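Asks: Here you go, one structure.
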Protein chains: 2
Amino acid sequence: MKTLKVALLGCGNVGSQVARILLDDAEDLASRTGARLELTGIAVRNPDAPRDTDLPRNLFTTDAEKLVEGADIVIELMGGMEPARTLMLHAIGHGASVVTGNKALLAADGATLFEKADAAGVRLAYEAAVAGAIPILRPIRDSLSGDRITKVMGIVNGTTNYILDAMDSTGAQFADALADAQRLGYAEADPTADVEGHDAASKGAILASLAFHTNFDLANVSCEGISSVTADDIAAAKDAGFVIKLLAIAEKLDNDGEPGVSVRVHPTLLPRTHPLAAVHGAFNAVFVEAENAGELMFYGQGAGGAPTASAVMGDVVSTARRLVLGGPLGAETPTGSVPALPFAKVTTSYSIGLQVTDQPGVLAAVAQVFAEHGVSIETMRQTIHADGTASSAELRFVTHRASEAALAATVEAIKGLDIINSVTSVLRVEGV
Amino acid sequence: MKTLKVALLGCGNVGSQVARILLDDAEDLASRTGARLELTGIAVRNPDAPRDTDLPRNLFTTDAEKLVEGADIVIELMGGMEPARTLMLHAIGHGASVVTGNKALLAADGATLFEKADAAGVRLAYEAAVAGAIPILRPIRDSLSGDRITKVMGIVNGTTNYILDAMDSTGAQFADALADAQRLGYAEADPTADVEGHDAASKGAILASLAFHTNFDLANVSCEGISSVTADDIAAAKDAGFVIKLLAIAEKLDNDGEPGVSVRVHPTLLPRTHPLAAVHGAFNAVFVEAENAGELMFYGQGAGGAPTASAVMGDVVSTARRLVLGGPLGAETPTGSVPALPFAKVTTSYSIGLQVTDQPGVLAAVAQVFAEHGVSIETMRQTIHADGTASSAELRFVTHRASEAALAATVEAIKGLDIINSVTSVLRVEGV
């Protein structure tokens, strides 16, 4: 039986689980791949740092460069830009296939890596980079290869889904829900990358690239996080039959005959009957619309050591099988070239909350602004708060679909009205 | 550019959509596969029968045997055992790869077909055979190849899910919900194969084979349909926070150190918070539990011409790519051999409904029977119906997990008690 040398870069949460599986399940893996997978070493900064699992001390090395040079398969789980990028290129240059979970690097510079892997005839696999354990890359790339995807909407960040789900079920404010999530380990001490949507944006770029066979990077993604979502927003949404989710959306638009793809991340109102609305806690899900298949959804754990290690090992086994059986590797560079559309070109629907003084003519004045911008109103709800002397009211509008540019201009114009106390919330609506 | 000859057997609901895609999307398919996919003919019984789509008359032939002889890829969408089986073997014998959606044939005699395809070095692909458009075979076989699946639970029959969902939302009786489903085209005039669970049983055998790398056939599947599920069952389940779904379940059990796989189809109580509970109407979903990945779910349309055609075309494109790029084909015959366990060996939990005369000592007598069989009770709910003279009561028990044999014996013993008017329902519970 052939032996394949496997080098592991990084031994954190995911890496240590991958090492455990490679060592504990060696026999099973050999029978599934037809080759012995030999873990030749684990490159880390500090071999003596404490680890989750008990791994043989002699596997650890600080010389990552030398480790990858002798490998058939390099598993990169260090994260971040450097030295991950240089080491992956070094591995590719030495003829190794690479399995990675590095979404930030792929979203920033995937094009270069894919091109190099393709030129070298090695595989670059990255199932773990989007939605952790959920098999999404292979279904999109292979199973739907005879269909045409029109839209992808993903809950791809567990931290923000956990926070929004807690706000929805307990009525908590964002700050309190975040603090709870931090206490329970669902959010990091510095939660910026999660709550501001940057992590979701990286995954959105990768999903868009896969779905539309074109390289999109982080610069093509419009991004808005959840830190301004209030308990009032959630309550009002709930009242109207919606739930608020942070979605990464990649959508093909006709754009007046010049088709393009919009990639964006923003808090979104979804009908509570939508399949994505049933995704609770830190779970992830990716909802796909295709011309023939219709609606599909893939659901599972988006993070965590063992779940993400499962995705990594799926790529390792499939790469090893190919190395054993022969046949072409390669990274499958994108075949298409659909341009990325700026957000202003996107057609969407808004939910707008306004605080107004309850006096005659307010609704007429606001409605007039909508009409002037060619935006039509789907529903309006008014809630009146009387406080003894004057009374104020809250108005919540949901619009029909209109261009993002027209909607943004409408909101600006409403803000300029004297009779408006404040625009309390602007959220986009999908799934209706 | 290379040309691959594609022969289509059958031109019904799915076949006509596949033909449409092959003809209309020829350019796209060529750029995705690197080969021109030439539809060389469509074998049908009657070339002049009316079709859903407008297809060139000269493509039709009644000589299926001759058609497959010249093909690189044969798409079998005739359904049924014969002549589908003979034609597939004929195609394999002539070196063609086969794409099929024929779940009944695969469940009955998949082992022979896989073996022949493997020996001939051709591919046998069947994504469309389970859960229509939902990519499930590739994720289970490839993406989870570095993990170990422990359990699969699928809503794999749209007709029964439509009926149960309607009963749950409207309170209708089974017969009325079935009649509605027939009127709307969700159920056939003879609904036996669907409502008695036979269709789900075929898919269960295929799912089990995939998940546990062993050939299971229809004879290994215990099967119970939904025709005895009543509006009362659904109402009582709803009351207790459950929904009733027809599930195909494949589960690996320790079985006192001699591991085996249970494959079964039966109506099942699921907590309303379970991801499968949110699968409405005629949609399908497959829920997977794996050692490292944890819980995964795949959701989408389980039937229909275009959705199923999407799955067929995914297989066609991936087979064509492989034929263009080179490398091994083959059907990936199962590598393992876990025995199928008889239903009596399965550990499960029961929901039991009893109609009793409301008199002292009834509960004690029933509880005694449970205790004698070593079955412990998780919850009990009592509803009293007074009708003027005497009063009767309904008792609903949910048990802890126990062996199917012990549970069945308990139910038999309860039936023998004088104080019991009738056992109104026996349903299994999962997901708790």
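Keep in mind that glycine also has a Cβ here, set from the backbone N, Cα and C atoms.
Found this in TrEMBL, in case it helps:
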type     : residues                                                              : note
ACT_SITE : A:Lys203                                                              : active site, proton donor
BINDING  : A:Leu9, A:Gly10, A:Cys11, A:Gly12, A:Asn13, A:Val14, A:Gly15, A:Ser16 : NADP(+) binding site
BINDING  : A:Lys103                                                              : NADPH binding site
DOMAIN   : A:351-431                                                             : domain 'ACT'
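Just tell me what is around each of these and how deep it sits.
Replies: A:Lys203 (active site, proton donor) falls within a helical segment according to DSSP. The number of other CB atoms found within 10 A of the CB of A:Lys203 (active site, proton donor), across every protein chain shown, is 26.
Taking all protein chains in view, 25 other C-beta atoms sit within 10 angstroms of the C-beta of A:Val14 (NADP(+) binding site).
Listed in sequence order, A:Tyr126, A:Ala129, A:Val130, A:Asp199, A:Ser202, A:Lys203, A:Ile206 are the same-chain residues six or more apart from A:Lys103 (NADPH binding site) with CB atoms under 8 A from its CB.
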Asks: Calculate the per-residue pLDDT averaged over the domain 'ACT' (A:351-431) and state the result as an integer.
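Replies: Residues in the domain 'ACT' (A:351-431) carry a mean pLDDT of 89 in this prediction.
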Asks: Starting from the Cβ centroid of A:Leu9, A:Gly10, A:Cys11, A:Gly12, A:Asn13, A:Val14, A:Gly15, A:Ser16, which together make up the recorded NADP(+) site, report each further residue of the same chain whose Cβ lies within 8 Å of that point, ordered by sequence.
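Replies: Neighbours found: A:Leu8, A:Gln17, A:Val18, A:Ala19, A:Leu77, A:Met78.
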Asks: Hey, of the binding-site residues listed (A:Asn13, A:Ser16), which one tops the CB count within 10 A?
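Replies: The largest 10 Å Cβ neighbour count belongs to A:Ser16.
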Asks: Relative to the Cβ position of A:Gly10 (NADP(+) binding site), how many further Cβ atoms are located within 10 Å?
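Replies: There are 26 such Cβ atoms around A:Gly10 (NADP(+) binding site).
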Asks: Write out how many residues of the domain 'ACT' (A:351-431) are helix, how many strand and how many coil, based on DSSP.
Replies: 23 helix, 38 strand, 20 coil
